[in-house]
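Visitor: Shown below is the structure under consideration.
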């Protein structure tokens with residue numbers, strides 16, 4: 001009876017409610033405050049006043065503004081820059097896993113450069129479309145200016161940009177297509193004439209820019225804003241490259257809107273190689289370019305940028321990568337110009353190089369905003385041109401080459417007016433034909449919210465959550481597009497003590513599982529201490545970039561932030577020949593570490609990631625365990641989401657099932673305003689042809705649990721009724737039957753009761769038969785006795801008669 005308690009019925013609901021409660025608790029953030037402020041100085045509100053041209057005429061390509069700056073009137077004289085329509089380049093992004101060509105709404109002739117009247121050495125570079133946005137340099141101080149979005153009076157914010165005055169760049173990779181140690185060559189007079197002629201002509205670098213997912217999120221996950229920001233950066237970079245009579249022309253932009261297709265580790269040298277492999281495989285042949293640069297959003301290790309020396313115009317090494325983890329646009333533009341300089345054959349400056357009145361030469365290892373190319377840079381660049389490595393720079397980009405490419409049906413990319421593009425597999429496609437048109441009644445093709453050529457139902461999950469820091473997205477029933485990928489707000493709690501960053505839980509066990517497979521986990525404190533205190537390739541807190549490498553031992557407080565140490569390893573990964581695995585015995589298991597020398601290997605995440613928990617109120621930063629300063633966000637799960645949801649990376653609530661966005665206060669089906677409706681429970685009698693009432697996996701699961709609970713109740717009731725009935729029968733049988741049955745357990749009673757009728761019947765028949773035989777035997781014996789008595793009486797009578805006669 002104990003195994004059939006009714007208490008089991010609500011256990012499924014209890015487990016489900018506890019799971020939902022734990023989910024809410026996981027994402028409950030602490031009190032956060034901002035740790036990522038880029039600017040540490042004053043702000044002021046200004047109202048730029050555009051001045052009319054002389055005689056009220058438009059000067060054409062020139063404009064002047066007056067603004068009150070630090071209590072003084074400043075007159076800005078600006079002139080349009082750029083010879084080509086600024087919006088005539090393809091912009092690629094990903095939607096539901098499909099590469100598409102975007103058509104952002106961008107204005108032409110927006111970038112202007114100039115100076116402040118009466119301020120020697122001043123410089124202004126701004127975008128004047130929709131207000132002024134850009135950089136002003138006055139008396140060696142950099143200012144940023146941008147419009148206030150909510151202002152009705154053309155108000156702007158003007159702020160100083162003093163944070164991070166310089167960034168660094170290491171020695172460029174050795175496997176670039178040129179040797180970095182060529183000695184100076186003696187030049188013939190004819191060579192000098194050629195070089196002089198080349199120098200007098202403007203060179204054009206056709207640059208393709210890629211923005212990684214994290215940087216895209218830092219720009220608000222907004223494609224138009226990202227495109228505009230990249231254009232501003234290119235405009236500022238041109239203010240540096242004009243020092244070598246070179247103009248950067250943006251020929252294309254790709255934004256990794258749904259995640260990075262390559263590994264983007266902290267080590268930018270590794271990122272550069274990964275990006276170059278991707279460029280050769282995915283970009284070459286799609287868009288013509290002289291160089292391709294990747295902009296990443298995370299804080300790197302030692303250096304802010306990496307580039308292949310002399311890589312421009314080559315098919316193999318025309319790549320560079322820069323980290324833009326702050327918001328100092330001018331400093332980043334200087335970094336991009338520096339890395340581009342490496343692509344153009346310009347090496348780092350030495351102490352004898354000069355660059356006029358500038359504090360920093362642009363090609364020094366330390367890069368500042370107030371910097372320029374040196375005489376050494378010019379010499380290196382001329383040598384690059386002389387070696388015919390820069391022939392592609394002499395071709396002036398024509399308007400036709402800058403225009404958006406017409407849709408190329410059959411390349412697998414949905415472009416311009418194409419309805420679909422089945423690539424080379426059109427014969428297998430049920431929805432798309434070889435002309436990139438939808439077949440028959442098809443309304444969609446390969447999108448995430450498309451199923452059998454029709455829209456998926458409203459509320460269907462189109463992108464499931466990928467881990468505890470990711471959020472589900474749902475189809476709306478009227479479109480094939482899945483909403484953009486949304487993550488949990490940075491700083492949200494995951495796995496008790498860890499934090500979410502960029503949609504990933506900073507739990508080292510996740511890193512171990514990516515290397516050693518399912519079941520492996522982050523090792524014990526003993527393993528981290530014993531290995532990371534060694535200071536060798538298997539345990540350290542960093543290494544030098546020189547060869548041979550020198551490794552830094554981890555101090556006691558930093559051992560959890562060095563090399564990733566794993567345990568409970570059941571499967572060994574396949575590794576490149578130059579890489580090594582080390583196992584060290586622990587008390588109950590093994591400590592595993594990896595040493596990676598071939599960066600193409602999948603093991604390159606060999607260090608504990610930044611923002612990983614390393615102690616109470618501490619996280620790892622560049623292999624150092626630092627104090628963690630909580631974030632400050634406008635969205636709080638306990639306030640804005642009423643404790644019934646979590647905050648996403650846009651600051652909106654993602655509600656739990658049972659509550660409705662935007663504030664999770666009213667009853668609903670979950671989801672958010674960004675992720676789509678979780679499920680449609682409305683009773684609309686006139687749904688669209690492809691928008692029907694449906695339920696999500698969550699509702700189906702709950703319905704299954706309800707049905708299961710009802711079945712269990714019925715089964716338990718039936719079993720109880722059967723047991724009671726059997727028990728009653730056994731009690732009745734025990735009163736009439738032998739006493740031994742009363743002593744038997746109930747289960748044996750039932751079996752005995754089933755056996756008794758057959759056995760009892762046989763015994764009864766035997767008893768009756770024996771009784772009849774006994775009765776018959778008795779009757780025979782009694783009859784024989786009577787006959788004997790009669791014979792004896794007769795004999796006695798005869799004897800008496802004989803005696804009488806005598």
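Cβ coordinates come from backbone N, Cα and C, glycine included.
Per Swiss-Prot, signal peptide is recorded for 1-33, and the stated evidence type is sequence analysis. The domain 'Peptidase M12B' feature in Swiss-Prot is assigned to 203-397. The feature disulfide bond is assigned by Swiss-Prot to 313-392, 353-376, 355-361, 462-482, 635-647, 641-653, 655-664. Annotation comment: Swiss-Prot describes 726-806 as topological domain 'Cytoplasmic'.
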Visitor: Indicate the candidate from 353, 355, 462, 653 with the smallest number of other Cβ atoms within 10 Å of its Cβ, considering only these disulfide-bonded residues.
Guide: 353
Visitor: Tell me which of the disulfide-bonded residues 392, 647, 655 ends up closest to residue 353 (disulfide bond) in space, Cα to Cα.
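Guide: Result for residue 353 (disulfide bond): the nearest of the disulfide-bonded residues is 392.
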Visitor: When a 10 Å sphere is centred on the Cβ of residue 655 (disulfide bond), how many other Cβ atoms does it contain?
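Guide: Cβ-Cβ neighbours of residue 655 (disulfide bond) within 10 Å number 27.
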Visitor: When the pLDDT values for the domain 'Peptidase M12B' (203-397) are averaged, what is the result?
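Guide: Here the mean pLDDT over the domain 'Peptidase M12B' (203-397) amounts to 88.
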Visitor: In terms of Cα spacing, which of the disulfide-bonded residues 313, 482, 635 are within 10 angstroms of residue 641 (disulfide bond)?
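Guide: Hits: 635.
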Visitor: Given the disulfide-bonded residues 313, 376, 392, 462, 653, state which is nearest to residue 647 (disulfide bond) when distance is taken between Cα atoms.
Guide: 653
Visitor: Hey, of 313, 355, 361, 376, 392, 482, which of those disulfide-bonded residues are within 10 Å of residue 653 (disulfide bond), Cα to Cα?
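Guide: Within 10 Å Cα-Cα: none.
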Visitor: For residue 376 (disulfide bond), which residues of its chain lie six or more apart in sequence with Cβ-Cβ distance below 8 Å?
Guide: 347, 349, 350, 352, 353, 361, 363
Visitor: Highest Cβ count within 10 Å among the disulfide-bonded residues 313, 361: which residue is it?
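Guide: Highest number of other Cβ atoms within 10 Å: 361.
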Visitor: Return the single residue from the disulfide-bonded residues list (392, 482, 641, 647, 664) that has the minimum number of other CB atoms within 10 Å.
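Guide: Fewest other Cβ atoms within 10 Å, among the disulfide-bonded residues 392, 482, 641, 647, 664, is found for 392.
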Visitor: Report the nearest neighbour of residue 462 (disulfide bond) in space among the disulfide-bonded residues 313, 355, 655, comparing Cα positions.
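Guide: Closest by Cα: 655.
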Visitor: With every protein chain in view, what's the tally of Cβ atoms within 10 Å of the Cβ of residue 635 (disulfide bond), excluding that atom itself?
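Guide: Around residue 635 (disulfide bond), other Cβ atoms within 10 Å: 18.
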Visitor: Where does residue 392 (disulfide bond) sit in DSSP terms: helix, strand, or coil?
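Guide: Going by the DSSP assignment, residue 392 (disulfide bond) falls within a helical segment, counted as helix.
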Visitor: Take the C-alpha atoms of residue 392 (disulfide bond) and residue 482 (disulfide bond) and report the distance between them in angstrom, rounded.
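Guide: Cα of residue 392 (disulfide bond) to Cα of residue 482 (disulfide bond) measures 41 Å after rounding.
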Visitor: Fill in the CA-CA distance, residue 355 (disulfide bond) to residue 655 (disulfide bond), as an integer in Å.
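Guide: About 57 Å separate the Cα atoms of these two residues.
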Visitor: Using C-alpha atoms, which one of the disulfide-bonded residues 313, 635, 655, 664 comes nearest to residue 482 (disulfide bond)?
Guide: 655
